[in-house]
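Features reported for this protein in Swiss-Prot:
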TRANSMEM  43-63  transmembrane segment
TRANSMEM  82-102  transmembrane segment
TRANSMEM  136-156  transmembrane segment
TRANSMEM  159-179  transmembrane segment
TRANSMEM  199-219  transmembrane segment
TRANSMEM  230-250  transmembrane segment
Amino acid sequence: MFQFELKKWIQKLNSTLSLFVSLLARLRTMKINTSSLAEQIYLVGPGSLNITLLTACFISMVFTMQIAKEFLHLDAASALGAVIVIAFTRELSPVLTAVIIAGKIGSSFTAEIATMETTEQIDALYLLNTNPIDYLVFPKVAACCIMLPILSTISLTASIAISIFVSFVMYGIPSSIFLKSAFLALSVSDFFSCLQKSLCFGTIIAFISCQWGLTSSGGAKGVGNSTTSSVVTILLTIFITDFILSYFMFQSTGSSIAQGNNL
């Protein structure tokens, strides 16, 4: 049973890569549905902003509470800003934003396309001489690739602001000390790595959710199974990709805090 599920999962991942190649091949001749693109951008961006901000704020509160008291105990409050800002810029903001979008938007994409596949609406598109990649897949991919970096940037800004507030109100750490250590340790490449990760995660969310919907079968039960499998696969792929990207981006950079202290 496990071998069968693993084989099926690998086949779907291969078909996702094929979908990626097919979309790239059609970019020059593609008929872009601007209204659908605008709708998807709103769904992924403004439609997901509230939950993204709430999650970022509360995660930042908890993370700051746990880190700040330990740093005060070690008499290392001057390094608090550097650690928190680096953690959110390099890892937490892009990953948490991607997880939220995977659960909210990825599941929606899969359920929508799977329902269309089950009710033969995909076949109807072919009869109308409309390629599903143009009409369904591209707007979703473009929306995720455009909005994930923007949402991650907003999430990062909110997380840092909340962290500064909690550090001052609960532990008496001045914002000047927090920001000084943060700016000394943070580099432009760290911010660009956040954007690059967000772009990769947006691509993963869009392609996997669309492909799992296009290959759905088995009626209403199949729609549910495809949606669940889609989200699980997206999350697993995001975590694996995050490790690979982090390894190549940061493994050889050395300590940012030590470099900041030397300035």
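Here, residue 1 is simply the first one shown, and the rest follow in order.
Every residue gets a Cβ built from N, Cα and C, even glycine.
Panel annotation: around the transmembrane segment (82-102), residues 44, 48, 51-52, 55-56, 59-60, 63-64, 67, 71, 144, 148, 151-153, 155-156, 159-160, 163, 181-182, 184-186, 190-191, 193-194, 197-198, 201-202, 204-205, 231, 234-235, 238-239, 242, 246, 249-250, 256-257, 260 of the same chain, lying at least six beyond its termini, place a Cβ under 8 Å from a Cβ of the stretch. Remote same-chain partners of the transmembrane segment (199-219), defined as residues 6 or more beyond its termini with a Cβ less than 8 Å from a stretch Cβ, comprise 12, 15-16, 19-20, 94-95, 97-98, 101-102, 105-107, 109-114, 116-118, 122, 132, 136-137, 140-141, 143-149, 225-227, 229-230, 233-234, 237-238, 241-242, 245.
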